[in-house]
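The next block holds one structure in the form of structure tokens; read it before the comments.
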Amino acid sequence: MTVCEAPGKVYLFGEHAVVYGEPAVPAAIERRATVTAEPRSDDHVRVEAEDLSLDGFTVEYSGGTGNRPDVDVPTPLVEAAMGYVDAAVREARAAADAPDAGFDITVESEIPLGAGLGSSAAVVVAGIDAATRALGVQLDRRELADRAYRAEFEVQDGQASRADTFCSTMGGAVRVEGDDCEPIEAPNLPFVVGFDGGAGDTGELVAGVGELREEYGFAADTVESIGDIVRTGEELLSDSAPGADPQRELLAELGELMDFNHGLLSALGVSARSLDSMVWAARDAGAHGAKLTGAGGGGCIVALDASDATETALSFTQGCDEAFRAELATEGVRVVES
Ligand code: PMV
């Protein structure tokens with residue numbers, strides 16, 4: 001039995017603009033998805049999913065997701081769990097050159113689904129790592145990240161950037177620009193997350209920004225300005241002491257950039273009333289800055305605050321379903337048991 005766990009992420013800066021070649025800086029957070037892989041003597045794959053913020057369920061199938069099992073759970077949940085786990089198993093079989101390998105897979109996750117925190121990437125990264133290791137193969141991190149990206153790309157019909165899977169694999173803060181992905185130094189940022197209990201439609205939101213950008217020069221300029229914010233933020237991070245608790249001054253400057261980034265995302269039409277009200281609750285509580293994270297439309301915001309004030313304020317904010325502290329996860333995917 002092999003057990004691996006991989007972190008979720010927040011976007012410190014740069015979502016949406018990254019689709020148009022601007023850089024983005026996501027950062028891994030200490031909320032993890034855990035995948036257990038146990039090889040079977042046949043070629044079946046049995047998936048048990050628990051704590052995916054929804055009711056747990058168990059399905060057993062052979063071959064691919066085409067052989068949809070007849071189970072009494074909501075279709076999106078089955079598709080989410082099966083699609084991603086199936087793609088992860090496919091990548092693990094290819095990587096280990098074991099096309100007929102079967103597994104009992106268990107998925108547990110502390111990361112809200114589809115809410116901009118990279119839950120699917122964490123499941124795919126931990127899944128490929130656990131399944132390949134269970135077959136006696138250890139992938140280097142770059143290959144693991146690449147295979148995880150391909151798995152997401154396939155399940156999401158080409159709508160995946162490398163940000164989530166690379167960040168979940170490597171941990172810490174990373175910089176993504178097109179196919180270029182690099183870990184970057186970052187201090188121990190005090191993230192607080194607010195979750196509205198919902199999710200946005202990433203495809204629709206990405207398409208909406210694309211249309212605005214085509215129609216208006218100032219929307220294209222807005223996307224470029226987000227790129228400028230990312231570059232400014234990167235400079236601040238590179239001047240800071242890696243792993244240390246950041247100075248108030250640095251938090252204030254990063255927070256200001258986050259506020260700016262949220263304003264521009266809002267101008268591009270991807271915020272939502274619930275997200276704006278959580279962002280304002282965080283700012284009113286004294287957070288250094290706050291912004292939506294991920295595609296928007298619903299889901300999560302991220303704020304910077306080393307004190308408890310933002311988390312407390314968010315927990316009393318109408319429209320906020322859950323608020324929690326999420327420290328920077330300096331370690332990416334890791335083996336828990338092998
Ligand atoms: O909601 P998430 O975490 O999948 O992030 C989407 C980020 C976008 O930049 C909007 C799209 C992408 O694939 O980069």
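In case you wondered, yes, glycine gets a Cβ from its N, Cα and C as well.
Please treat TrEMBL annotations as automatic predictions, because they have not gone through curation.
The feature active site, proton acceptor is assigned by TrEMBL to ASP164. Within 10 Å of the Cβ of ASP164 (active site, proton acceptor) there are 29 other Cβ atoms, across all protein chains.
The ATP binding site annotation in TrEMBL covers PRO112, LEU113, GLY114, ALA115, GLY116, LEU117, GLY118, SER119, SER120, ALA121, ALA122.
Per TrEMBL, domain 'GHMP kinase N-terminal' is recorded for 84-172.
What TrEMBL records for 251-309 is domain 'GHMP kinase C-terminal'.
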(message) Filtering PRO112, GLY114, GLY116, SER120, ALA122 (binding-site residues) by proximity to ligand 1: which pass a Cβ cutoff of under 6 Å to any of its atoms?
(response) GLY116
(message) Give me the sequence-ordered set of same-chain residues, not including PRO112, LEU113, GLY114, ALA115, GLY116, LEU117, GLY118, SER119, SER120, ALA121, ALA122, with a C-beta within 8 angstroms of the centroid of the ATP site's C-beta atoms.
(response) GLY8, ILE111, ASP164, GLY294
(message) Can you break down the domain 'GHMP kinase N-terminal' (84-172) into helix, strand and coil residue counts using DSSP?
(response) 51 helix, 8 strand, 30 coil
(request) Take the C-alpha atoms of GLY116 (ATP binding site) and ASP164 (active site, proton acceptor) and report the distance between them in angstrom, rounded. (result) 9
(message) Using the alpha carbons only, what distance in Å do you get between PRO112 (ATP binding site) and ASP164 (active site, proton acceptor) once rounded?
(response) 14
(request) With an 8 Å cut-off on Cβ-Cβ distance and a minimum sequence separation of at least 6, pull the same-chain contacts of GLY118 (ATP binding site), or say none. (result) PRO7, GLY8, LYS9, PRO26, ILE111, ASP164, CYS167, SER168, GLY294
(message) A 10 Å Cβ contact count, applied to the binding-site residues PRO112, GLY114, GLY116: which residue has the minimum?
(response) GLY114
